[in-house]
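A quick write-up on the structure given underneath.
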Amino acid sequence: MSERKVLNKYFPPDFDPALIPRRKGPKNSQQVVRLMAPFSMRCNTCGEYIYKGKKFNARKETVEGEDYYGIKIFRFYIKCTLCSAEITFKTDPKNTDYAAEHGASRNFEPWREEKAVEEEDRLAKLEEEENNPMKALENRTVDSKREMDVLDALHDIRARNARNERTGQSDDIVARLGREEVLSPEEEQRRREEEEDERLVREVFSKVAMPAVAGPSHQPGEGSDETPAPAMVTVKRKADDVEPDLKSLLPESTRAMVNTIVSGPLQPAKKKKADNTKSLGIKLVKKKVAAS
């Protein structure tokens with residue numbers, strides 16, 4: 001028996017998701033979703049109260065022709081728990097809440113309280129200004145200052161948008177890069193100094209080819225055409241000095257060996273005469289058999 005909650009699924013090696021046929025449906029099809037009532041409401045048909053948090057199997061769809069600054073608005077369909085009358089409500093992005101649409105009325109709407117509070121504050125402000133002329137002058141000064149700040153910010157935004165439209169994003173980046181290259185002579189001087197340092201290092205530390213010397217382990221024979229490969233040696237010298245001769249840098253023993261190789265090839269070593277003495281120092285003697 002398979003497990004109830006399986007997270008890993010098996011996909012065969014020849015599985016290709018592109019071959020799965022796409023499901024065709026209407027453009028604005030309804031989906032069945034599980035949700036809770038976002039607010040307390042009362043059914044208009046039977047008067048049943050539906051409390052906030054009651055769970056429903058609702059149908060969801062996108063409202064056609066309505067949005068709030070590009071934000072989509074969704075509509076939900078539920079049924080009354082007593083008379084099964086259809087109730088609809090939709091999202092309200094303006095107030096970050098939900099709004100009852102049909103079949104039920106909301107018991108409490110918070111934005112109505114906010115409007116009442118704003119109206120009371122406005123009336124209290126007008127009454128205070130009537131009794132105190134200095135307070136009215138202060139309020140007008142604050143309002144005018146706020147309007148000027150808003151106009152300045154709006155002017156800056158419009159100027160920035162106009163500049164971006166004229167130049168374009170890519171042209172602005174290219175111009176900024178070119179301006180950085182033109183207005184940075186210090187970086188250009190630093191780059192020239194680094195190139196000069198690298199050239200000086202290459203002149204001081206240079207690798208030269210040194211002729212290989214045949215050691216005792218490598219004795220060329222008479223018929224051998226093998227020539228030892230030259231070795232690369234790193235030579236350090238002063239930057240303002242003349243390059244010395246390679247042989248003058250070698251020790252006396254190596255210089256003599258190189259002169260010997262250059263003057264004439266080495267003579268092959270003579271093979272020792274084979275004797276009957278083994279490596280352990282035992283000498284073998286052959287006995288002569290007398291003829292009968």
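The backbone N, Cα and C atoms fix where each Cβ goes, and this holds for glycine too.
TrEMBL does not curate its annotations; it predicts them automatically.
What you are looking at is a predicted structure, and each value in this text was computed from that prediction instead of being measured.
Here is what TrEMBL says about this protein:
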- C43, C46, C80, C83: Zn(2+) binding site (BINDING)
- 179-199: region 'Disordered' (REGION)
Proximal but sequence-remote residues of the same chain as C83 (Zn(2+) binding site) (Cβ under 8 Å, at least 6 apart): C43, T45, C46, E48
Among C43, C46, C80, the one of these binding-site residues whose Cβ has the fewest neighbouring Cβ atoms within 10 Å: C46
Additional residues around Zn(2+), ordered along the sequence, whose Cβ is within 8 Å of the centroid of C43, C46, C80, C83: N44, T45, G47, E48, T81, L82, S84, A85
